Amino acid sequence: MPKIVVVGAVAGGATCASQIRRLDKESDIIIFEKDRDMSFANCALPYVIGEVVEDRRYALAYTPEKFYDRKQITVKTYHEVIAINDERQTVSVLNRKTNEQFEESYDKLILSPGASANSLGFESDITFTLRNLEDTDAIDQFIKANQVDKVLVVGAGYVSLEVLENLYERGLHPTLIHRSDKINKLMDADMNQPILDELDKREIPYRLNEEINAINGNEITFKSGKVEHYDMIIEGVGTHPNSKFIESSNIKLDRKGFIPVNDKFETNVPNIYAIGDIATSHYRHVDLPASVPLAWGAHRAASIVAEQIAGNDTIEFKGFLGNNIVKFFDYTFASVGVKPNELKQFDYKMVEVTQGAHANYYPGNSPLHLRVYYDTSNRQILRAAAVGKEGADKRIDVLSMAMMNQLTVDELTEFEVAYAPPYSHPKDLINMIGYKAK
């Protein structure tokens, strides 16, 4: 009976194991997870902190016991894979509760260890990061136990913005700092102005080009020379792949610690796959490498690997489009395609439209800003971005589908909109992009 070992039990690992079991009732499947919880919703964590998700149990899909009862898959939490011997096809496992080490053999190995939050490295009892449910519980308990009021949020990416919003909605008083003036880097810089407007509207302090120099108890000294007091600090300064344990194997890593994979999510070593935040692949619509550590990619990779292990040799990954979205108070920011800093590799033109998200005479209308970049050689879409209080998600998903099917910007005139006054226009923003491009 084949043995399948999975490293990591969150989005990629648990999903892949579950999909394998759906297709293969016989194989022995075991998952090693180094942390306390399995199969939790990473994307829910800021909303658990903000008490938007009122019961944290809603963010936890399975326990190991429930997973085994439903799927006959063994999950061992607090078990960390610390080394891989790909020649013997074994992994070395550390039981983090007992410090016992043992070896486990495999026929197929699926690596989905995820990523860890970067830290600024200050020794402080008031500093936290947010990556898993344990972090979420620690933050929530600290807030309650210490009557936290003033919170410093460091960083201005998706996680930091979501955390800041949820702290504010919880009734706390957050302040945002970021080490540069470039915030929310997946969006075009000039389309991020509503983030600052939303902060100003709520009188939430923020400082760009600012960093922490020292932490002494609750006293924070900044690069600017300011000295302020905070009850708590939450760092959102990026992540790094959990690939240290892979270095002793023959598995190839790139310079950033990611595992390059082929279109079957195979590594360079036979019988070993990599999925989720640790894997890097390529874009679907252009010939560039792409690392997209988001939920859709982990779930798609999990399904592809499961199909292959179950015997479908023809299924392949066609590449990322990098579709992403974030809510920040009243606004939605969404984009798809190459990153802003990758556009310089193309000869491109940009076309944009700003108009109401739905018919102007229908109540509640607000501006929606839609922007599309296209390749001048073939007029296919390279990137699109949308910002507004409504309708950004709808338009970016339509453009994602257009890119998936290699439509040109001109063909957007033929997009048949689902029109009624509360939703759109007879000639929608997407149509207008096509007309303006001509």
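Sequential numbering from 1, following the chain as shown.
Placement of Cβ uses the backbone N, Cα and C atoms for every residue, glycine included.
Source: prediction; values computed, not measured.
Counting only same-chain residues six or more apart in sequence, the Cβ atoms lying under 8 angstroms from the Cβ of CYS43 (active site, nucleophile) belong to ALA295. Swiss-Prot lists CYS43 with the feature active site, nucleophile.
According to Swiss-Prot, the feature active site, redox-active maps to CYS43, an assignment based on sequence analysis.
Here Swiss-Prot flags 8-33, 267-277, TYR419 as FAD binding site, drawing on sequence analysis. Listed in sequence order, ALA298, HIS299, ALA302, SER303 are the same-chain residues six or more apart from THR15 (substrate binding site) with CB atoms under 8 A from its CB.
Counting every protein chain shown, the number of other Cβ atoms lying within 10 Å of the Cβ of HIS299 (substrate binding site) is 17. What Swiss-Prot records for THR15, GLN19, ARG22, SER39, ASN42, LYS71, HIS299, LYS427 is substrate binding site.
Counting only residues at least six positions away in the same chain, the Cβ atoms of LEU167, LEU172, HIS173, PRO174, THR175, TYR230, ASP231, MET232, ILE233, ILE234 sit under 8 Å from the Cβ of VAL151 (NADP(+) binding site). Summarising the annotation, Swiss-Prot assigns NADP(+) binding site to 151-166 and lists sequence analysis as the type of evidence.
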Using only the Cα atoms of THR15, GLN19, ARG22, SER39, ASN42, LYS71, HIS299, LYS427, which the record gives as binding substrate, return the largest interatomic distance in Å, rounded to a whole number. 49
Between GLY13, GLY157, which of the binding-site residues has its C-beta surrounded by the fewest other C-beta atoms within 10 Å? GLY157
